[in-house]
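Visitor: Could you have a look at this structure, given as structure tokens, before my questions?
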Amino acid sequence: MGIKVGVLGAKGRVGQTIVAAVNESDDLELVAEIGVDDDLSLLVDNGAEVVVDFTTPNAVMGNLEFCINNGISAVVGTTGFDDARLEQVRDWLEGKDNVGVLIAPNFAISAVLTMVFSKQAARFFESAEVIELHHPNKLDAPSGTAIHTAQGIAAARKEAGMDAQPDATEQALEGSRGASVDGIPVHAVRMSGMVAHEQVIFGTQGQTLTIKQDSYDRNSFAPGVLVGVRNIAQHPGLVVGLEHYLGL
């Protein structure tokens, strides 16, 4: 049989999509579907080698600690990771040479490419802003994808020695200019009928560039998740961002 996979958050919408994708893959074997009321020991009992975690920010750290301590690698799509949480994961992984953790703000290949293209474009434009649009049930704002996109843009601008973005705003309603992520404005929209969408707008004298990405259903995440599951054994330790598995 193939790689033995457990899915955490298996009863959720994304979790159900991942369960179906694993079941349809000849090289993967689904050995555990873990819901909120299930014991994580089922992963060990059923010999899971890799878990996929689409749970909640409140649950994910406990899940990761358990998996790492039991030698199970993890592909994580759950949001809510800040620098402190990432450092904690690195600490747990110390000395665990055969365990990998992939944390990705987005597993849709189109979203990964949007982040990569945005970082490439950043040094050519005076201004950049990020708009993310999601369904109204999303718990966090702005999205991890938008934050990661803005951080990449800011890092590229810093590397290029660029000045702060021009903005003469003196009076504004609170929040009207969005959240500042490393100096890049990020705007969050929550609206019925949407799933997961992002626009990155760049501007300089006489021209603009808009990079736009849309995920119309949760099936868009499955191919990227399976890339992670199939390749995590070659990437021990913590990796943040699916682009590192795609050679981008």
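Yeah, the Cβs are placed from backbone N, Cα and C, and that goes for glycine too.
Given the structure is predicted, the values throughout are model-derived calculations rather than measurements.
Sharing the record's features from Swiss-Prot:
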- H134: active site, proton donor/acceptor (ACT_SITE)
- K138: active site, proton donor (ACT_SITE)
- G9, A10, K11, G12, R13, V14, G77, T78, T79, A104, P105, N106, F107: NAD(+) binding site (BINDING)
- H135, G144, T145: (S)-2,3,4,5-tetrahydrodipicolinate binding site (BINDING)
Visitor: Under a criterion of Cβ-Cβ distance under 8 Å and sequence separation of at least 6, what residues of the same chain contact T145 ((S)-2,3,4,5-tetrahydrodipicolinate binding site)?
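Guide: Result: P105, N106, A111, M115, E132, A196, E198.
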Visitor: Quick check on the recorded positions H135, K138: which one has the highest count of other Cβ atoms within 10 Å of its Cβ?
Guide: K138
Visitor: Measuring CA to CA, name the entry from the recorded positions H134, K138, G144 that ends up nearest G9 (NAD(+) binding site).
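Guide: If we rank H134, K138, G144 by Cα distance to G9 (NAD(+) binding site), first place goes to K138.
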Visitor: Using Cβ atoms only, which residues of the same chain lie under 8 Å from G144 ((S)-2,3,4,5-tetrahydrodipicolinate binding site) while being at least 6 residues apart in sequence?
Guide: T79, G80, F81, P105, N106
Visitor: Identify, among the binding-site residues G9, G77, P105, the residue whose Cβ has the fewest other Cβ atoms within 10 Å in this structure.
Guide: P105
Visitor: Where does T145 ((S)-2,3,4,5-tetrahydrodipicolinate binding site) sit by DSSP, helix, strand or coil?
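Guide: Once the DSSP labels are grouped into three classes, T145 ((S)-2,3,4,5-tetrahydrodipicolinate binding site) ends up as helix.
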